[in-house]
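Below is one structure, written out as structure tokens; comments come after it.
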Amino acid sequence: MEILVGQFSGRGCLQAFNMAPVLKGVAAGQVLATIASITYYSSVMALTLRFLFASFFPVLPWSYCRPDWGSECLDENSIENKTNKISPAELYFHKIVLREYDNIDEGIGLPNWDLVICLAISWFIIGAVLIKGIKSSGKVAYFLGTFPYIILVVLLIRAVTLPGAMQGIKFFFTPVWKNLINPMVWYAAVTQVFFSLAICFGTLITYASYNNFTRNVYNDIVIITTMDTCSSIIAGSITFGIVGHLSYETKNNIADAVKGGAGLAFITYPDAIAKFKILPQAFAILFFSMLFILGIGSTVGMGSCIIRVVKDRFPLISNWSLSMSLSVIGFMCSLVYMAPGGQFILNLVDFYGVSFTALILAIGELVAVGWIYGVKRFCEDIKFMLGINTSIYWRLCWSLISPALLLSVLIYTLLDLKPLTYKNRDYPHEAHIIGWCLTTLGLLQIPLWAAYEFYRQDNTRDLKRKLLNILRPSPCWGPLNSYLHEEYKNQRLELQINQEKSKNIFYKIYENIFG
């Protein structure tokens with residue numbers, strides 16, 4: 001849906017919502033979520049660079065225990081009892097790289113200088129790619145699409161050969177049916193898909209706006225979603241193969257050995273690479289290079305979305321000045337994650353400012369396209385653009401199935417919502433207040449933009465007409481190309497003349513879905 005909207009409008013996500021001005025705030029909220037996302041994505045890139053530089057050491061620094069870690073470190077060469085031990089990779093990440101605090105009751109501390117340098121390098125590269133524009137990121141995509149799979153296959157082969165790996169993979173594929181009634185499982189699944197496919201952040205609309213108007217993207221969409229699923233299965237098998245091995249070594253339950261969040265990239269995978277008998281440094285360099293390159297792809301997509309929104313509003317501003325401004329401001333905002341308590345803040349921003357907000361905005365986006373703009377008209381636009389009729393499957397998904405499922409997940413999530421924690425540690429009360437302020441900031445965009453669109457209508461019209469106008473597409477809505485735009489307007493006039501009008505609400509609902 002987002003790809004079709006972007007391709008049809010030829011505009012960034014904010015201008016694309018001229019199809020339903022009353023909900024333009026959905027796009028504004030998505031842009032704010034994207035801004036929050038790019039700040040902590042760049043911090044993850046900085047951590048990746050830190051590990052990449054460490055990979056050049058003669059001995060991988062996360063592969064052995066240090067004397068000051070005492071008896072809690074798992075030394076595989078030791079004959080001591082290995083039960084309830086912590087791997088050196090985990091201790092290295094938390095104690096050496098992050099220098100992490102146990103809590104943030106007394107503040108998050110000052111940024112670590114080595115991570116600040118890595119962050120500056122990351123933002124410099126992001127800015128350089130953004131200055132080159134959308135074509136450069138498109139060319140890089142050919143490399144991004146193949147290189148990660150080579151590394152994943154190598155890691156998969158190594159993971160399945162570790163003792164205990166098959167038990168971990170079996171755990172990965174074994175269903176736990178009772179969890180299907182756990183709303184947080186569905187919430188985690190939905191937000192994971194949002195991040196994995198860049199849905200509801202404006203990125204897809206922005207990228208699709210550069211497509212040729214008549215490009216049939218149906219095959220592209222099937223390939224992308226299929227490959228995304230396959231990638232997740234491969235990565236999951238690697239992860240749980242390694243987790244199974246760690247469980248085998250430490251005698252812990254597999255469920256207790258699973259590391260979420262950054263732990264997958266900076267604990268589980270490095271621990272697996274450290275066990276390579278041949279050239280572990282080379283594999284570490286390849287792995288963290290892959291992560292960094294993927295990070296560039298993600299952050300450039302987010303940055304392109306933000307820049308496109310500004311360019312649509314102020315077309316005379318140069319691309320390089322916007323790119324450099326974004327890089328400098330992004331670097332300054334990202335410094336907070338480089339502090340010893342930075343991961344606490346990252347977790348807070350991710351939940352309140354991005355994931356939770358994105359779920360609500362996704363529902364608003366489906367309402368905007370499916371019911372305010374209308375599935376029927378959207379499908380007529382698709383036929384104008386691609387010359388094909390939209391199947392009943394997509395009509396039902398956009399109008400009923402997807403909104404109902406997302407709304408159900410949201411309701412059950414709210415009913416089961418518990419105070420956010422990080423590593424089973426509670427946040428101060430003030431942190432939750434800040435978090436809810438982030439959520440409110442994103443969601444307030446909906447009424448604020450609706451009020452703005454209402455206000456900017458011609459003051460000579462009555463209130464009812466103003467309200468009807470913001471429920472209809474803006475006069476400028478349509479293909480960006482002037483010739484196609486004129487042709488589209490003529491087609492719309494013909495369709496309006498030929499269509500029957502009915503005041504029966506049930507008939508209108510039926511006509512919207514199946515018409």
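We count from 1, first residue shown onward.
Backbone N, Cα and C define each Cβ position, glycine as well.
The model shown is predicted, which means the values in this text are computed figures rather than measured ones.
Listed features, source TrEMBL:
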- Ser196, Leu294, Ser298: Na(+) binding site (BINDING)
- Cys65-Cys73: disulfide bond (DISULFID)
- 38-60: transmembrane segment (TRANSMEM)
- 113-131: transmembrane segment (TRANSMEM)
- 143-165: transmembrane segment (TRANSMEM)
- 185-209: transmembrane segment (TRANSMEM)
- 221-243: transmembrane segment (TRANSMEM)
- 282-307: transmembrane segment (TRANSMEM)
- 319-339: transmembrane segment (TRANSMEM)
- 351-373: transmembrane segment (TRANSMEM)
- 393-413: transmembrane segment (TRANSMEM)
- 433-455: transmembrane segment (TRANSMEM)
Cβ pairs under 8 Å between the transmembrane segment (351-373) and the transmembrane segment (319-339), at least three: no
Environment of Ser196, Leu294, Ser298, the listed Na(+) site - residues of the same chain whose CB lies within 8 A of the CB centroid: Phe195, Ala198, Gly295, Gly297
Those residues of the chain, 6+ apart, with a Cβ under 8 Å from that of Cys73 (disulfide bond): Cys65, Arg66, Lys85, Ile86, Ser87, Pro88, Leu91
Same-chain residue ranges lying at least 6 outside the transmembrane segment (185-209) that approach it to Cβ under 8 Å: 2-7, 9-14, 16, 27, 30-31, 33-34, 37, 134, 179, 217, 224-225, 228, 232, 298, 301-302, 304-305, 308-309, 355, 358-359, 361-362, 365, 406, 409, 412-413, 480
Among Ser196, Ser298, which are binding-site residues, the residue with the most C-beta atoms within 10 angstroms of its C-beta: Ser298
Surrounding residues of the transmembrane segment (221-243) on its own chain - C-beta under 8 Å, 6+ positions past either end: 3, 148-149, 152-153, 155-156, 159-160, 162, 165-166, 168-169, 171-172, 196-197, 254, 257-259, 264, 268-269, 271-272
Fewest Cβ neighbours within 10 Å, where candidates are the recorded positions Cys65, Leu294: Leu294
Best-contacting stretch, by C-beta pairs under 8 Å, relative to the transmembrane segment (282-307) and drawn from 38-60, 113-131, 319-339, 433-455: 38-60
Per Cβ pairs under 8 Å, the stretch of 38-60, 143-165, 319-339, 393-413, 433-455 packing most closely against the transmembrane segment (113-131): 319-339
Cβ-Cβ under 8 Å with the transmembrane segment (38-60): same-chain residues at least 6 beyond its ends: 97, 114-115, 118-119, 121-123, 126, 262, 265-266, 270, 273-274, 280-281, 284-285, 288-289, 291-292, 295-296, 298-299, 302-303, 306, 330-331, 333-334, 337-338, 342, 346, 349-350
